[in-house]
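Dumping what TrEMBL says about this protein:
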type	residues	note
COMPBIAS	34-62	compositional bias 'Low complexity'
COMPBIAS	85-94	compositional bias 'Gly residues'
DOMAIN	132-253	domain 'MI'
DOMAIN	296-417	domain 'MI'
DOMAIN	431-552	domain 'MI'
DOMAIN	599-718	domain 'MI'
REGION	21-118	region 'Disordered'
Amino acid sequence: MEYSDGFVSNEHRELLRSVAESADPLSVSPLQISISPRSPKSPKSPGSPRSPSSPRCRQSTSKGGSPLKNDKHSHSPKDGRPKKGGSGGKGTWGGLLETEEGHALDPNDPNYDSTEECDHTNVRKTDEEFAEYKKKAAVIVEEYFATDDVVSTASELREIGLPCYSFYFVKKLVSMAMDRHDKEKEMAAVLLSALYADVIDPSQVYKGFGKLVESSDDLIVDIPDTIDVLALFVARAVVDDILPPAFLTKQLASLPKDSKGVQVLRRAEKGYLAAPLHAEIIERRWGGSKNTTVEDVKARINNLLVEYVVSGDVKEACRCIKDLKVPFFHHEIIKRALIMAMERRHAEDRLLDLLKAAAEEGLINSSQISKGFGRMIDSVDDLSLDIPSAKSILKSLISKAASEGWLSASSLKSLSLEPEKRSLEDNVARTFKLKAQSIIQEYFFSGDISEVSSCLESGNSPSSAELNAIFVKKLITLAMDRKNREKEMASILLSSLCFPADDVVNGFVMLIESADDTALDIPVVVEDLAMFLARAVVDEVLAPQHLEEIRSQCLSPDSIGSKALQMAKSLLKARLSGERILRCWGGGGSGSTARAVEDVKDKIGKLLEEYESGGDFREACRCIKELGMPFFHHEVVKKALVTVIEKKNERLWRLLRECFGSGLITMYQMMKGFSRVGEALDDLALDVPDAKKQFTYYVEQAKIAGWLDASFSISKPEHAAENGSCL
């Protein structure tokens, strides 16, 4: 028997047609057969009420004598198929012939099962959660690359929750960093190390890197150097102790031999991890310290302002500001431009024109402008030491900017021209700060810890505890704005001085309280301050409970200082934290690499001799820059001026003019250098009788050129103290 539409045979159709034609219409109602697209109804078992052998069916046959007794198709609305789409049960057709896909569950269906609806709901909810997590993970990674804020990134991940999807964050972070510069790659590696175990479970890190290796064939389509870059990420994770070395072996065994992932793992194992000194090489591959980037930005800002003062090309200066790509750091441009306007009065109008143009173009927003002027107001007292009329000049600059409409003066602090009345204690603290800065700079220069100790002991006083705290704050603040060498030296000095723990705690409290202001000059203050705190604990300068004592004195849980404390605790909790923190800055800060003062003085003398004998100006400037000690440029001024007086050689005078014009030597260093020559005039006059007359002449020339302030005079008692390593 053949079956076709509706699973009714041709023979059966003929039988039905003949019955319909011969039957009495009053005794038998017309039979309607609908061809349903759904699967056929299952034949009924003999026990079914609709079965032909059931009593009810036999009764119907005897009464009506209908020939329909052989029709085994049920006319009941009830679906006789097995539940849940199965195909079990004797004589059933369900499941095997079912072709409906995406069939929605209907609660009114007699076969409806609530557990099946629950399964569908859970799957749909899980998919939606993962899709939402993916979107948020991408946004968090983008924000991290823009802000470089590890603490905020960790907080956002905690807020999202869903730790079972952390592997995707690892994969997304690394894959996005692979397609960017070395800076972002280093940032990604640092973030993974910081989040490991504390925010992201180790198994999720393992799974994330596994997914990355498996997707190497897809990544290489968009990132041609995927094999090398991903291999370096894997090697870096092993060096940072966030991936076990066994990861390489296990993944190799699970990957197809012809996949790119195998090449990645082999490159990581043989190209990076098997090399001599592989840890140092891998950690330095992407640049390591991020402070270099900040210093470079500051140098580029200074260079573009110097070039603009010379050329006056506003469009070129604005283009350079755009190329910096640091809109959150534009307040530094405002600050440096204002300082330059104070030092070079002839360039004041030109610099204000640039700031006005940048503001009108929207290149520097009003918030950054106010912040830049606010920083100047906060530091104008210190600036007055170098520029006596700094307050009056700054007030004039604020007035001009406000009158031109690109500065909201109402948003700034009040600036009084009246000198503030300071107590005796304030004067003592101010004097000690200057002394401490000089001592610390000389220490960074020479690396002589014993000299620092003797200088501090010579100024011992009843308030030494407060002064010790000031010294701790000054030491770390100066180190944070320098390179890893100075940071390492600062940590070594702090552990060598053996200050009482309470004094060190007070020093860090002062650092925490001023962290928000420090962040304006040092954007990575959170990471640096956290590392100094963690290093102090590792060096046993502080005890772990001291961190809680410092935290209790923080002003707000959302402050930068609180974030630094939280990060310090995370660093200390990490696996192998002691070893990692000890080598965070390279070590050996006060070792044999430290240069002696006399060696640098000798280098300065030789470069001046070479230039005097016909050397190139650019080469001389390059040598001065390579000294890497802008705070010691007064020695260049002193030696050059002495040579000019002794030999009456104007060539070195021209070198000083060019160095000042290019911003290589600042007005402060010029004044300090001239002062040192003025202090040695009596000795110089023994060899050059008219030394005093010549010196007076050159001082006047320097004032005319703008190198020296108009109020500069030879006899300044504070210079003698500033120039020595001890006061």
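Yeah, the Cβs are placed from backbone N, Cα and C, and that goes for glycine too.
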Return yes if the domain 'MI' (132-253) and the domain 'MI' (431-552) have at least 3 CB pairs under 8 Å (sequence gap of 6 or more), otherwise no.
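With 3 or more qualifying Cβ pairs, these stretches touch.
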How many helix, strand and coil residues does the domain 'MI' (132-253) contain under DSSP?
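Tallied per class, the domain 'MI' (132-253) gives 99 helix, 2 strand, 21 coil.
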Tally of helix, strand and coil residues over the domain 'MI' (296-417) according to DSSP?
95 helix, 0 strand, 27 coil
